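These features come from TrEMBL:
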type: BINDING; residues: D24, S25, Y56, G57, N88, T89, T198, H199; note: substrate binding site
type: ACT_SITE; residues: C87; note: active site, proton donor/acceptor
type: ACT_SITE; residues: C197; note: active site, proton donor/acceptor
Amino acid sequence: MTTQQPPLSSPGLGDRSAPIGVFDSGVGGLTVARTIMDQLPGESIIYIGDTKHSPYGPKSLAQVRHYATGIADELVSRGCKMIVIACNTASSAFLRDARERYDVPVVEVIVPAVKRAVATTRNGKIGVIGTVGSITAGAYQDLFGASPNVEVYAQACPRFVDFVERGITTGPEILAVAKEYLQPLIEAGVDTLVLGCTHYPLLSGVIQLAIGEDVTLVSSSEESAKDVVRRLSDLDLLAEPGTEVTRVFETTGDPMLFASLSRRFLAPTLTNVTQMRQS
């Protein structure tokens, strides 16, 4: 008979002044971190981008779970009071394990976006775009399946993450790719589109142009950040006024490359990027 292991304990458990830990496969999760910082300027953040293993989308869920566990363990060991899985693929692969593994609250990006999309749609036809890993895992499709009178149309957009990680967020090439990916959703008549990858808000202009102004975009990044605010408030974990604020940005890959890409999304907030120490 196996014995269930006790959850890993964070030194920051219950500490209002402790940082929020946020991680993603690369720079996409910075869209979540940016929104958290805008809505909660008094909160400290530790952000880790796993660019060494990016992108997560084409990898198996077992691989993604392994990478995510290592990074989340690091954030917990450094005293984070909450973990934010700012990656749809990692949320699909790791959420259940994370909530069993850690004693601090874990926020992900899928459920908040689903709730917003269901509340937004007018004709009941919702599109979801994401990485191959997220779409194949079916997390969005399963959640939407619990909502009556909703039809969901899922489309993998594997090249989008690569464009963002190379700093390409506009131009004729990415627009042509977007039109190709989104054509099936246009033909299906969706009126609401979930950006089911935290990289995708950085392409929202191109995506909106490709799918049409009548379609409402729902950002998983924005909705998860709202969930962070709600959860911290409900748990009485919001930082008190006057608390010293620190912002730490780390990557498992090349810090200079990560910084050069990230500053266009976070500048002037992003002042320094270091490489995460790895065992």
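Cβ coordinates are placed from backbone N, Cα and C, and glycine is handled just like the others.
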Practice problem: Measuring CB to CB from Y56 (substrate binding site), give everything in the same chain under 8 Å that is also at least six residues away in sequence. | Solution: S25, D50, V64, Y67, C87, T89, A90, T131, G133
Quiz item: How many Å lie between the Cα of N88 (substrate binding site) and the Cα of C197 (active site, proton donor/acceptor)?
Solution: 5
Practice problem: Determine which residues of this chain, when D24, S25, Y56, G57, N88, T89, T198, H199 are set aside, have a Cβ within 8 Å of the centroid of the substrate site's Cβ atoms, and list them as they appear in the sequence. | Solution: G26, G28, G29, S54, P55, C87, A90, T131, G133, S134, V161, C197
Self-check item: Number of other Cβ atoms within 10 Å of the Cβ of C87 (active site, proton donor/acceptor) across all protein chains
Solution: 36
Quiz item: From the Cα of C197 (active site, proton donor/acceptor) across to the Cα of D24 (substrate binding site), what is the distance in angstrom?
Solution: 10
Quiz prompt | Where C87 (active site, proton donor/acceptor) falls in three-state DSSP terms | solution = coil
